[in-house]
Amino acid sequence: MMDLVLEEDVTVPGTLSGCSGLVPSVPDDLDGINPNAGLGNGLLPNVSEETVSPTRARNMKDFENQITELKKENFNLKLRIYFLEERMQQEFHGPTEHIYKTNIELKVEVESLKRELQEREQLLIKASKAVESLAEAGGSEIQRVKEDARKKVQQVEDLLTKRILLLEKDVTAAQAELEKAFAGTETEKALRLRLESKLSEMKKMHEGDLAMALVLDEKDRLIEELKLSLKSKEALIQCLKEEKSQMACPDENVSSGELRGLCAAPREEKERETEAAQMEHQKERNSFEERIQALEEDLREKEREIATEKKNSLKRDKAIQGLTMALKSKEKKVEELNSEIEKLSAAFAKAREALQKAQTQEFQGSEDYETALSGKEALSAALRSQNLTKSTENHRLRRSIKKITQELSDLQQERERLEKDLEEAHREKSKGDCTIRDLRNEVEKLRNEVNEREKAMENRYKSLLSESNKKLHNQEQVIKHLTESTNQKDVLLQKFNEKDLEVIQQNCYLMAAEDLELRSEGLITEKCSSQQPPGSKTIFSKEKKQSSDYEELIQVLKKEQDIYTHLVKSLQESDSINNLQAELNKIFALRKQLEQDVLSYQNLRKTLEEQISEIRRREEESFSLYSDQTSYLSICLEENNRFQVEHFSQEELKKKVSDLIQLVKELYTDNQHLKKTIFDLSCMGFQGNGFPDRLASTEQTELLASKEDEDTIKIGEDDEINFLSDQHLQQSNEIMKDLSKGGCKNGYLRHTESKISDCDGAHAPGCLEEGAFINLLAPLFNEKATLLLESRPDLLKVVRELLLGQLFLTEQEVSGEHLDGKTEKTPKQKGELVHFVQTNSFSKPHDELKLSCEAQLVKAGEVPKVGLKDASVQTVATEGDLLRFKHEATREAWEEKPINTALSAEHRPENLHGVPGWQAALLSLPGITNREAKKSRLPILIKPSRSLGNMYRLPATQEVVTQLQSQILELQGELKEFKTCNKQLHQKLILAEAVMEGRPTPDKTLLNAQPPVGAAYQDSPGEQKGIKTTSSVWRDKEMDSDQQRSYEIDSEICPPDDLASLPSCKENPEDVLSPTSVATYLSSKSQPSAKVSVMGTDQSESINTSNETEYLKQKIHDLETELEGYQNFIFQLQKHSQCSEAIITVLCGTEGAQDGLSKPKNGSDGEEMTFSSLHQVRYVKHVKILGPLAPEMIDSRVLENLKQQLEEQEYKLQKEQNLNMQLFSEIHNLQNKFRDLSPPRYDSLVQSQARELSLQRQQIKDGHGICVISRQHMNTMIKAFEELLQASDVDYCVAEGFQEQLNQCAELLEKLEKLFLNGKSVGVEMNTQNELMERIEEDNLTYQHLLPESPEPSASHALSDYETSEKSFFSRDQKQDNETEKTSVMVNSFSQDLLMEHIQEIRTLRKRLEESIKTNEKLRKQLERQGSEFVQGSTSIFASGSELHSSLTSEIHFLRKQNQALNAMLIKGSRDKQKENDKLRESLSRKTVSLEHLQREYASVKEENERLQKEGSEKERHNQQLIQEVRCSGQELSRVQEEVKLRQQLLSQNDKLLQSLRVELKAYEKLDEEHRRLREASGEGWKGQDPFRDLHSLLMEIQALRLQLERSIETSSTLQSRLKEQLARGAEKAQEGALTLAVQAVSIPEVPLQPDKHDGDKYPMESDNSFDLFDSSQAVTPKSVSETPPLSGNDTDSLSCDSGSSATSTPCVSRLVTGHHLWASKNGRHVLGLIEDYEALLKQISQGQRLLAEMDIQTQEAPSSTSQELGTKGPHPAPLSKFVSSVSTAKLTLEEAYRRLKLLWRVSLPEDGQCPLHCEQIGEMKAEVTKLHKKLFEQEKKLQNTMKLLQLSKRQEKVIFDQLVVTHKILRKARGNLELRPGGAHPGTCSPSRPGS
């Protein structure tokens, strides 16, 4: 087929298009395909018009040749069509079977997948049912909890109502105080005027005092001159005297006397005058000085008063300013209303005049003119009255509106108070939770202590047992020694016959007997008291009592040993036999009483053990039930931080179960919602043309509304697209702005609770919260992380706990750091503070969520008005822009109003009157509240306000501080004015750019609609007031957040009543540190880590506490967490640099053309805000580093801070002025350029590229700012760490490693900063710019490559349009970029190199655009030239008029028509095939999409199956662990019981030993009796050997008993050792069961009661062979009686435990009751056994009772028989032997009864749904797992079948497509063959259509 296509066909015309010679130089197409095929130009040869030359006429031969050629071509064409159809049929018949097979397989796979899906849904339904059944179990507990909660809520409501009443009273009092303050301001104004007048008078007085001082100086000078003149005159007088003395005159004496008199008189007068003048001058001078001092003091006082008055006047001025502002707003409203009234009156006057004119025209000719005038006057009066009434109604309505707004504000305040009370209740609840945790920890500690004590007691008991064994051994040796001594003393007894010694010894023994009686009585009482039942005490106290009883038993044994020594001594005398007999009777009675007490004690202990075991069993059953439920659910939910379930109580377990059930339900709903969203997305993927935009919008809206109903998501697609694209536009500009605010951190916690409640297209603020949260995380995380956080609330819980834990750590560190110069806190106060902070931090997030939701729903109505008022200057083009403004306004209002407005301005000074920091903050408030709302959203002056607040506490000079403060306020006012001016200029610039770029004019209706909205907003003063108050509160909170720590510390000095107000200030979320949100962490206002690190060093130097090491460890831990946060931040920055391009493309892709209109405004505003936020953050950091210095430096530092603030304010002013000048120049330039430019068309591709450039530049700037901040913070942290190392003893290696990590972080941050700043290294910015340049170059290269080859004129025109639009847009965009670059150079000190690179880039782009325009012009000219050549008239053709010629032409026309019809058929067939191909392609794409969907579902099903398998395995493992624990506890219980049994055996053995000793004593007593009888007889020697024989038999019996006792002790010790070995090995359950069966199978021999035929050798005893039964093969319990084989002789021998011959003993087989051995448990409350065993036991007990009664009778008859025997002096040994035999028979009966008792089993009967519950659960789980396996296998089969079917269908479609392609090529070839060769008939003529012509 390809040969037909590729071979050269002669019939094909030379030109590509139908026009001949349009493009002469274009080469032929390689494949021979005509680009204009199907257009109708080259399908038919126009022979009559094109092939014949116009100069030559056509003859008949030509016509005949033409006809024959046409016939041939027609025939060939038909043949080809026929063969083609046959070939197609053959090709289609071939591979159909394979296609059918694949189709069938695919169908099978689809069915299997459907089945699997159905089965999985059924499994999910089963799981939900199981969870609901579990939930029903805890229903009663939930109801109880609900009732308790209702009661608590009722109490809280009562409290809240009381507090509301109190607060209303406070409000009235505050209003009264306000009025008083208002009156006080007027009086203070008057006082200030008076003081100013007084000041002027004082100044005048001061000037008079200066004049007086000048006069005094002149007088002093005159006095000095007079003194000088006096001195000169005295010198003259002296000279005259000397001359006169030299003269010799007779009358010398007379003249000298006269001269002296004459000289003395004036001298004295002058001296007097001078002295008087001096005194006067001195007095005057003193008086003047005193007056000057008094005046100076008055001046100082006046100045002080003036300073205070200035301060007060400033405050009053501010208050007056606020009031005047309010009055101005009211006056404006009044003026507006007056203007409206005037307009209405003017309109009314005009209407009245019009009416009068009309009526005068009507009634000019009538006589009733005057009556009509009077009627009109009445009408006008009525209208006036109506107008008056309406105006009064308007006033009344305004008043009612004001009242309603006031009531609304009051209600909001009450709601906030209620929420505060709810927070307090939550805090109390969190306190209760903390106490519960503490109690749980204490319980665990107590358990550990109890276990340790049990171990200690076990060790003690073991030591006591070993000691008692040793003592028993010693006692046995002593007894043997005593028996030997008795034998020796029997011989010695015959020698002692002296009576005196007997009497003395008798007296001694009587005394000893009395003592022994007293002792035995004391022992009995002690024994009885010690053996009283312990009652309902714990096991621990019982074990203590057992140990004490054991010690008392040992003491009793010692005392009895002493008694036996006394008895041995007493045997030396023969006369003391009677006394010994009496004593033995008493001892026997005491022994009997003791045995009874021992039996009662054992019974009581058994009952107590049974009760305790029953209680434990019940607890373990309920405990295991709840623990199974909780562990199953916790395994299913994969909870990370769960406690061990074993330590929970029942209430906690029930609570846990209910919580987990709730979680499961929520997860199930989430799963359903996600399924819905996936299905909707898959459905929406095929709708409309805007597929990617809609997909992105629907994904985000449905993921935001994943937990909402379906009704709330029915929002218009256009609104969604506009909103989301605007969100994307604002995203990059709002990142830093959102990061610099603390409220955005709460968005992390709030966004899960937000709701989309507006169904008309305008979303509620909750959606914006989530949008803000996604914007926060957008630079750091990719989109999947945010979606995962939204869909998983448990992850959010974990993050919130981490954040709260970090907050708790930082607050714990910060608490107490401002106490350097104050008194130290006591540890108790510290603990209270820490607990207080903890409760606040625990209770905060939940309440904040509620506050955020409610507050924003309340504010939803008023906020869009604010946004429209703010944006009233801008041009709004479309409805989408209006929506964007709405949402922007809501976002800004949300940022401006803090959601947790816990600090109200009214209650702060009342609650915190003792805290100086609060007062300072409130004093400095009015300076900040004057800032305007738009720019004050960036908290620029937070730290200055803090320094002002601190100023009032420090002893700085008041004058300097007030001056600096006034200067700061002036600068703030100027800055505010400049900012408003700057914003107006920005708006003008944006308008000019919009007009220059040819934007559409804004809708007049929208522009006209804005002022009424503003007016409506102004009509509601309550709302405006609410906004103002919230903004001021926000500013207060911004200022107070930095002083939080000092307030916390000062609050501890205050009384505890003030502490209740502290939670409101602690609810500031800005102290939260999180390593996951590092960007928020860096740009947050309060950087606690730096303050902690610097202030912590001061604290470590000044405060030396006991827990210094813990403090240092805590600091190191905090530094490590901070380092981790920085490392995460660097990693996220790197990740962000990689993801930035993708994010930008997504942003540009979702943007529409109308959204691009508002971009420059947003961009400029965002840049301004980010730059100012960066500067603010740097300044905040600087002040925070300077903050925590030593107290000596604070005075100077405050002044320095204020000066620095002044400098920064001046710098900002200068910067604003420069920006304003620059903007003026830019506006002027734009207005000049606007005249020359016309609005051209723009292309979206160029816009997106320019937008990418601006966004990347903005991101580079933002990244540079973040790097600067983080580097500064890292440097401060390194310094703080060095100071900490110097101040404390930290491990050197750890500190060095930590310091190296810090240095590495700092170096990395410096590198990043250089990279962002310079851009010379291979950084993010250069990469993005280079990629952009390469992309543009590639586009231009392809364009230039396509220029010579473009065949159509439309393409060149489009390209020229594109190039011109590109040029015009780039010129505009580069101007914008130049402007943004200039602003960035001014604000952020960007590098000059980067600017030059941008300018160079712009120049190159302009050059290339100019070149492209030139090439477009050339192409246009060429096309015009070709068009002119094309329009040439075709030459006329000669027509012949012959009939032959006409017939030939008609035949030619007929053939031509036939040809055309055939061609049309071919074209139609090709079109049909094309349509079929398109349909097949569409069906194939649908099938591929469905296949992908099925594959995804299959993968999800597979994952779910794997998860279920994992959960099943984990549950099985957990069950095995529980079984193992139960087994271990059972082993422990069995071990304890075995020990108890061993101790009981030891006690019984001790009793037996005592009994044997008493029997020996009785024997010795009998011997004494016999000796006495013989002595009393006539001395004939020994008569008869019967008593001695009896004694001999008795002794033999005693020895046999002793041997038996020793063997029993040995067997018990071996049993104990083997039990310990078995328990130590931890053998399996079968072996343990075998051991218990074997232990129960060991039985005491069943001996028939034959008291007369007893022998010592035939006495039954336990042998060591009894422990051969521990073979596990023999210990298998038989299942039924029929299956138990009869025992052989060997078995009976091995089971019988007789040491002698087994003739008298019957075999004892361990019998299990049929079918009920599974119920056997050691904690059972029931006994199970055979009725034969029970009857035999009853028989043995009755026999024992009868024997005991006989023995009682014998003991009562014993003393009387002794007296009779003394009288008769005859031997009567019969009663003694009878008593001994009865004792042995009683012993045998007791042993037999004990053996019978062992044959009964303790069982726990199966209750309904209790016994096989666990097994049934495991069985159900296994069945479910197997079902799941089967379903999964079937689904996999289905999927495979569907895959095969789809592959088959793909192959079919491919085959069809290939066939169609082949047919298309054949048809094209056929068409070429049908065309004529004009050069064949006339080789001489040359066709103009050939390329050679």
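Placed from the backbone N, Cα and C atoms, the Cβ positions cover glycine too.
Per Swiss-Prot, the feature region 'CM1 motif' maps to 51-94. In the predicted model, the region 'CM1 motif' (51-94) shows an average pLDDT of 77.
What Swiss-Prot lists as region 'Interaction with NCKAP5L' is 58-196, and the listing cites experimental evidence.
The phosphoserine annotation in Swiss-Prot covers S547 (among others) and is backed by a large-scale study or a structure entry. Listed in sequence order, M457, R460, Y461, L464 are the same-chain residues six or more apart from S547 (phosphoserine) with CB atoms under 8 A from its CB.
The region 'Interaction with MAPRE1' annotation in Swiss-Prot covers 926-1208.
What Swiss-Prot records for T1001 is phosphothreonine, and it gives a large-scale study or a structure entry as the kind of evidence.
Under the heading region 'Disordered', Swiss-Prot lists 1015-1071 (among others).
Feature annotation from Swiss-Prot assigns compositional bias 'Basic and acidic residues' to 1034-1048 (among others).
Annotation source Swiss-Prot lists region 'Disordered' at 1084-1105 (among others).
Here Swiss-Prot flags S1238 (among others) as phosphoserine, drawing on a large-scale study or a structure entry.
What Swiss-Prot lists as region 'Disordered' is 1347-1381 (among others).
Positions annotated as compositional bias 'Basic and acidic residues' by Swiss-Prot: 1364-1381 (among others).
Annotation source Swiss-Prot lists phosphoserine at S1490 (among others), citing a large-scale study or a structure entry. Around S1490 (phosphoserine), there are no C-beta neighbours below 8 angstroms that are at least 6 residues distant in the chain. The DSSP secondary structure for S1490 (phosphoserine) is helix.
For 1500-1521 (among others), the entry in Swiss-Prot reads region 'Disordered'. Broken down by DSSP into helix, strand and coil, the region 'Disordered' (1500-1521) contains 22 helix, 0 strand, 0 coil.
According to Swiss-Prot, the feature compositional bias 'Basic and acidic residues' maps to 1500-1519 (among others).
Summarising the annotation, Swiss-Prot assigns region 'Disordered' to 1646-1706 (among others).
The compositional bias 'Basic and acidic residues' annotation in Swiss-Prot covers 1651-1661 (among others).
Residue counts for the region 'Interaction with NCKAP5L' (58-196) under DSSP, helix first, then strand, then coil, are 134 helix, 0 strand, 5 coil. In this structure, S547 (phosphoserine) is part of a helix by DSSP.
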